[in-house]
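Feature annotation from TrEMBL assigns transmembrane segment to B:12-41, B:87-108, B:120-141, B:161-184, B:196-220, B:232-250, B:262-282, B:302-327.
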Amino acid sequence: MDAVIVARLQFAFTIGFHILWPTFTIGLAGFLALLSVLWWRTGRPVYRDLLRYWSRIFALAFGMGVVTGLVLSYEIGTNWAGFSRAVSNVVGPLFAYEALTAFFLEAGFIGIMLFGEGRVSRGAHAFACCMVSLGTLLSATWIIAANSWMQTPAGAVADADGIYHVVDWWSVVFTASFPYRLAHMVMASFITCSFVIAGVSCFHLWRGRHPEASRIALSLAMWMALVLTPTQILVGDMHGRNTLAHQPTKLAAMEGLWQTVRGAPMTLIAWPDMEQARNLYAIEVPHVASLYLTHSWSGEVQGLDAVPREDWPNVPIVFFAFRIMVGIGVVLLATAVTGAILRLRGRLYTSRRFHFLAMGAAPLGFIAVLAGWTTTEAGRQPWVVYGALRTADAVSPVAAHAVLTSLLLFVLIYAALLLIFLWVIARLLLRGPAVLAAVARPPEGVLAGATASAIATGPGE
Amino acid sequence: MTAEMAANLPVLFAAIVAFCVVVYVLADGFDLGIGILLLLAPRASERDAMLASIEPVWDGNETWLVMGGVLLLATFPAGYYVLLPAFYLPIIFMLFALILRGVAFGFRQESVGFRGIWEAVFAGGSVVAALCQGFVLGGLITGVTMRNGIFAGGTFDFFTLLGFACGLGLLGGYALLGAGWLIWRADGQTQIFAREVAHSALLLTAAMMVVVSGLSALLVPEVAARWLDWPRSLWLVPAPLMAMAALLIAWRRIWSGRDGLVFVMGLLVFAMGFVGLVVSLWPYVVPRHVTIWDGLADRRSLAFVGFGVACIMPIVLAYQAHAYWVFRGKVKPGEGYAAATEPGEP
């Protein structure tokens, strides 16, 4: 197999697997920070129970994020030496700032967040939770800054050897697509996490267990979803218009638009045929794409024909990934609105049909995030730095069979990890907040006494 | 910027990267060592205490590996894009080992019936990670093939006798750090166990330091020339002498010294080993191809990174020290999440 393809497959697989964990932990860290502040200010034991319950899950997911992220910081060198060589002056400092600000903030406070409750005061514990949450957000900011530079590069110039030199750091960090991309990703994290919390809470309500904690968690999650889901669609629209302005080829692939036209149709579904450069079996709504992209009935939208064929991305991948993301966005919006209506009617905690709906919606955010990243990353091809550095020139001088071996091992190990994670997490989730908070660590006999005293005395400081 | 400052800039940034590598090796060293010693610990209560002792700090320790990697990319990119492809397999397998080790730690806590399996995975991951790091270290001393500014060697170039010896040396050294950490942080049977294994770890470390030094001098003429450059090499004598002294003190005081002594001596041995490495490789980023002066990143990029390091690194060190402080004192088995249910802990 082609060395470039294997390297791309490996990177896509490892970064795709990695992004699942930050997506969840960015949102969950925010939720835990909120719970820790509520526990600190109100002293209601239910907040402590929820805090301990979701901390256990956070610890596992965070660990998965750390180890799979570690891989990426080295893979950029092992597999993408050409990329590192060309743009190290630009992306190197951004990654360094991520490690400096975010990783150490997380690493410094995660111990106190997970194991420090009872050792430090409630206020100090809440502070540690907020710092971990801030760390996850900072991490996202620097990584999105690096990715946005690869999508819409600015502030750096290439010399005769193809090495990029920064002329203006402000422009490098705040590129044209950065604010939209960052807002879109962070909100995606919070939405994904909201639906996971809602789904788990609905599971407990459906089984009629842990009613108080589950109601509070469901209520918080559904408020979050109700505010963020429509906002996310708005931000997504702005992000799309930004892509039209700065990466028109990617946008043309997302829309399945082969020719530049005025009054472009919205293609609901089709089979984009790259050979014939047209859509087969298309269902279209005339003028609508121009309407939402240019906000004008007959606005011009650039098609794929504007650039030579060798600069096209793989259109079907981008086209379908985009539709999966948008489709899930609509489903999640509908779920959030349904929840709000039920809440108004006082049936949010009792409607079993809604509980099933929320359980079904729980994993959808992850699929949408993967589809969204597939859209933006596959849509950038054949460039690794859009319009500047081709992916084929970015690869390392490593033998294809070595990369293939590591790819197969990554697939095996990650698949095993995911299965084990789901198994462990399912057992944790099924047991529910009240039980877990009381029995902090089940197998050890040493705990029996401590547990009993904790239950007897309630919240201790 | 004056000319003198400009000339010292590469040295300054090399020192910062070296500092991160040293902190990583020392900090992750003892928790990798705990993993290695887990293979030898006979009782479950010991294994619990050993893992509880590193629970709050191990992922902070591993963060220094990320920091070292990305700082290398940002300050000496050639070191990153030449060396990483050159050591493709050991680095990827080290990452696999660290992944398995990391998740094994988390899953073990949530597991009832499979604790033994997760402990084996944690231990195995620690051993493989140490060996892989040894192969990278050996490869650094031997040097890599480079043409037209990029790596031009083969996939298995890293696989050398020197690399294997370095791997065994790191295995022994990490085990020594782990044992020292346990003598300091544990008590009772766990502490006795740590004192017992510290002997073997010390012997392996000392033997491998001799083997690695000898092999390097025999196989790599540039390294031999550096150490045998009489009379300038007189200046280098203190490093191996101090390493030997540290090993000796540790050996004699395993049972009788203060609890923290073996750990401190272990740290000193590693520090002297690192000094030896710097002497052998100075002033190269990619040994005998790219010097720190040729391999330095752009001035503008360095200024940006340097500002961040100067402002943030002291704070990072301060609160990492604080995290160690919060979890100070002798560990008790069954701590960890359990701490949350014990109100009133000072």
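Numbers run from 1 along the shown chain.
Each residue, glycine too, has its Cβ placed from N, Cα and C.
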Mind checking which residues reach the transmembrane segment (B:262-282)? Cβ under 8 Å, same chain, six or more beyond either end.
18, 21-22, 25-26, 29-30, 137, 140-141, 173, 176-177, 179-181, 183-184, 198, 205, 209, 213, 216, 220, 223, 226-227, 236, 239-240, 242-243, 246-247, 249-250, 253-254
At a C-beta cut-off of under 8 Å, are there same-chain residues at least 6 beyond the transmembrane segment (B:87-108) that contact it? List them, or none.
35, 51, 55, 58-59, 62, 65, 114-115, 118-119, 121-122, 124-129, 132-133, 135-136, 139, 155-156, 158, 163
I need to check the long-range neighbours of the transmembrane segment (B:196-220): which residues 6 or more away from its ends have a CB within less than 8 Å of a CB in the stretch?
33, 37, 40, 138, 141-143, 161-162, 165-166, 168-169, 171-173, 175-176, 178-180, 183, 227-228, 240, 243, 247, 250-251, 254, 262, 269, 273, 276, 280
List, by number or range, the same-chain residues at least 6 past the transmembrane segment (B:12-41) whose CB is under 8 A from its CB atoms?
47, 50-51, 53-54, 57-58, 60-62, 64-65, 67-68, 71-72, 75-76, 101, 119, 122-123, 125-127, 129-130, 171, 173-182, 193-194, 197, 201, 263, 266-267, 270-271, 274, 278, 283, 285, 292, 296, 302, 306, 309, 313
